[in-house]
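In what follows, a structure is listed as structure tokens, so that the remarks can point back to it.
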Amino acid sequence: MIKKIGVLTSGGDAPGMNAAIRGVVRAALSKGLDVYGIHDGYLGLYEGRIEQLDRHSVSDVINRGGTFLGSARFPEFRDEKVREKAVENMREFGLDALVVIGGDGSYLGAKRLTEMGFPCIGLPGTIDNDVAGTDYTIGYFTALETVVEAIDRLRDTSSSHQRISIVEVMGRYCGDLTLAAAIAGGCEYIVLPEVEFKREDLVEEIKVGITKGKKHAIVAITEHICDVDELAKFIEQETGRETRSTVLGHIQRGGAPVAYDRILASRMGAYSIELLLQGYGGRCVGIQNEKLVHHDIIDAVENMKRPFKGDWLDTAKMLF
């Protein structure tokens, strides 16, 4: 019988994590459970930095970006002895279960703890939208708004100087954020990790645009594909057009979550408590066709593949 649960945020922060924590805490309290917050993710669990939360602990956090519990990357958690120490701390505080908010790496930690006798539920918290088993992750829509706003601003200056602008977008190895932002921002060219990229092909596309009368352009590219500064130099050299690169970086992770992220996080947080009370563990929550679902964590991480939005890319190419 579950009486006490813990909640932590792990990996890169994402707007809406606070809303998810609030959803977990308020839903758990409504069911008569005690809730404990773990500071700085699995690192805090290992170090025993755990404190009890009440309704007031999550007051006025739904609109705040980041995570008030803090987050940290802690690869040492893969070590069984490290996990045993974390389990010892959970026992010391009398915790029966855990809700983990984060990405794939965070999910695997939750699965290992479940195997050690502590049922865990994972919630997808990342701006990259790269977690399998869900259409959208907590933080994605807020980051999308941030990127589109940046593209709009770049367009203003690019058009003024008849310049080509390259904007590098986060996403790790998933192009969802770049693709959606490119469509919403009217970017002329898109470079995604899911599609083979040759800089010479991009230059040819840009040259075609120039012959059609394009005076300026925006190139949206997902991180880790190439050095965008070098790409800018190559484009300028080959086209004769002034070209500048902009790396948006961690600004994409910040800011107050948009309404949809707050709603999604709240629903997922409350749903995680329902699953724990039903006896589930080692599961991850998702939203598919606007319905909350749950999957086995290992199945989601190792076997499920996120479908590439090829139809979105086709649409984007028609519009440019």
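Backbone N, Cα and C define each Cβ position, glycine as well.
Per Swiss-Prot, these features apply:
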| type | residues | note |
| --- | --- | --- |
| BINDING | Gly12, Arg73, Phe74, Gly103, Asp104, Gly105, Ser106 | ATP binding site |
| BINDING | Arg22, Gly23, Val24, Val25, Arg26, Arg155, Gly186, Cys187, Glu188, Lys212, Lys214, Lys215, His216 | ADP binding site |
| BINDING | Asp104 | Mg(2+) binding site |
| BINDING | Thr126, Ile127, Asp128, Arg163, Met170, Gly171, Arg172, Glu223, Arg244, His250, Ile251, Gln252, Arg253 | substrate binding site |
| ACT_SITE | Asp128 | active site, proton acceptor |
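Listed in sequence order, Ile206, Gly209, Lys214, Ala217, Ile218, Val219, Phe320 are the same-chain residues six or more apart from Glu188 (ADP binding site) with CB atoms under 8 A from its CB. Cβ-based neighbour count (10 Å, all protein chains) for His216 (ADP binding site) stands at 19. Arg244 (substrate binding site) sits 11 Å from His216 (ADP binding site), taking the CA atoms of both as reference points. Close to Ser106 (ATP binding site) in the fold, though at least 6 residues off in sequence, lie Ser10, Gly11, Gly41, Tyr42, Val100, Gly122, Gly125, each with a CB less than 8 Å from its CB. Rounded to a whole number, the C-alpha distance linking His216 (ADP binding site) with Ile251 (substrate binding site) is 25 angstrom. Residues Thr126, Ile127, Asp128, Arg163, Met170, Gly171, Arg172, Glu223, Arg244, His250, Ile251, Gln252, Arg253, recorded as binding substrate, reach a greatest CA to CA spacing of 32 Å. In the structure shown, the C-beta of Arg22 has more C-beta neighbours within 10 angstroms than that of any other entry among the binding-site residues Arg22, Arg26, Arg73, Lys214, Arg244.
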